[in-house]
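Asks: Take a look at the following structure, please.
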Amino acid sequence: MASPSRQAPLGGSGLLHGSRARSYGSLVQSACSPVRERRLEHQLAPGDTLAGLALKYGVTMEQIKRANRLYTNDSIFLKKTLHIPILTEPRDLFNGLDSEEEKDGEEAVQPSKDEVRPHSAERKKRERGLGHANGEPLPTAGQEPARHDLSASDFLKKLDSQISLSKKAAAQKLKKGESGIPGEDSSLHLSSPRMQQRAVLGPVPLTQTSRTRTLRDQEDEIFKL
């Protein structure tokens with residue numbers, strides 16, 4: 001009996017049969033998968049180049065060529081628009097599952113209202129106690145403390161008024177000092193008998209000693225030099 005003809009297995013190595021990669025549709029995890037790509041439409045300008053567009057959108061030149069079926073860099077000017085493939089985040093592929101998990105995590109982290117209320121009540125009691133101790137009236141529950149939000153012009157006007165007030169106060173102090181200091185000095189000087197004698201006799205000439213003469217001679221020599 002003749003042996004049955006053997007059929008070559010599919011995907012065998014040979015000239016006519018290339019090796020096939022087995023995949024399972026949506027389970028393929030590839031960075032260049034069309035499911036994870038979204039394409040932006042870019043209007044071409046006269047100065048646009050493939051390298052510039054790749055840098056601008058954060059993709060490679062080969063990806064732009066593959067998406068637009070370009071074979072050379074100069075063939076981009078044959079089209080008015082180019083499709084730029086941009087990878088989407090894997091979070092978009094889960095149809096909102098991650099967002100629900102994030103919400104659950106945030107609810108677990110945030111404290112409940114029952115836990116927050118006793119802390120706020122304790123703070124209010126402390127603030128009331130401090131206010132009564134300082135003698136300052138505290139605002140009621142319905143009233144909020146007034147906020148003084150000054151504009152730039154109001155702040156400058158307030159600063160100018162404070163400067164003018166300080167200048168007036170300084171001038172008044174100087175006037176009081178000029179009027180009060182001479183009287184005080186005269187009363188102090190005339191209180192002692194020695195000062196009274198000096199006031200009557202006038203300035204007393206200094207006695208010239210040998211020490212004073214030598215000092216004056218030295219000063220004269222210094223000025224001559």
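Any Cβ shown, glycine's included, is placed from N, Cα and C.
Keep in mind that what you see is a predicted model, and the values were worked out from it rather than measured.
Per Swiss-Prot, the feature compositional bias 'Acidic residues' maps to 98-107. What Swiss-Prot records for 112-121, 214-225 is compositional bias 'Basic and acidic residues'. Per Swiss-Prot, the feature domain 'LysM' maps to 40-84. Among the features that Swiss-Prot reports, phosphoserine is placed at Ser23, Ser33, Ser99, Ser164, Ser179, Ser192, Ser210. The annotation region 'Disordered' is assigned in Swiss-Prot to 97-153, 170-225.
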Asks: Do you know which of the modified residues Ser164, Ser210 has the most other C-beta atoms within 10 angstroms of its C-beta?
Replies: Ser164
Asks: DSSP secondary structure for Ser164 (phosphoserine), reduced to helix/strand/coil, please.
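Replies: For Ser164 (phosphoserine) - judged by DSSP and reduced to three states - the answer is helix.
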Asks: Tally the residues of the compositional bias 'Basic and acidic residues' (214-225) by DSSP class, grouping H, G and I as helix, E and B as strand, and everything else as coil.
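Replies: Taking the compositional bias 'Basic and acidic residues' (214-225) as a whole: 11 helix, 0 strand, 1 coil.
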Asks: Using C-alpha atoms only, work out the spacing between Ser210 (phosphoserine) and Ser164 (phosphoserine) and round it to an integer in Å.
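Replies: That separation, Cα to Cα, works out to 58 Å.
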Asks: Could you give me three numbers for the domain 'LysM' (40-84), the DSSP helix, strand and coil residue counts?
Replies: 22 helix, 8 strand, 15 coil
Asks: Going by DSSP, give the three-state secondary structure for Ser210 (phosphoserine).
Replies: helix
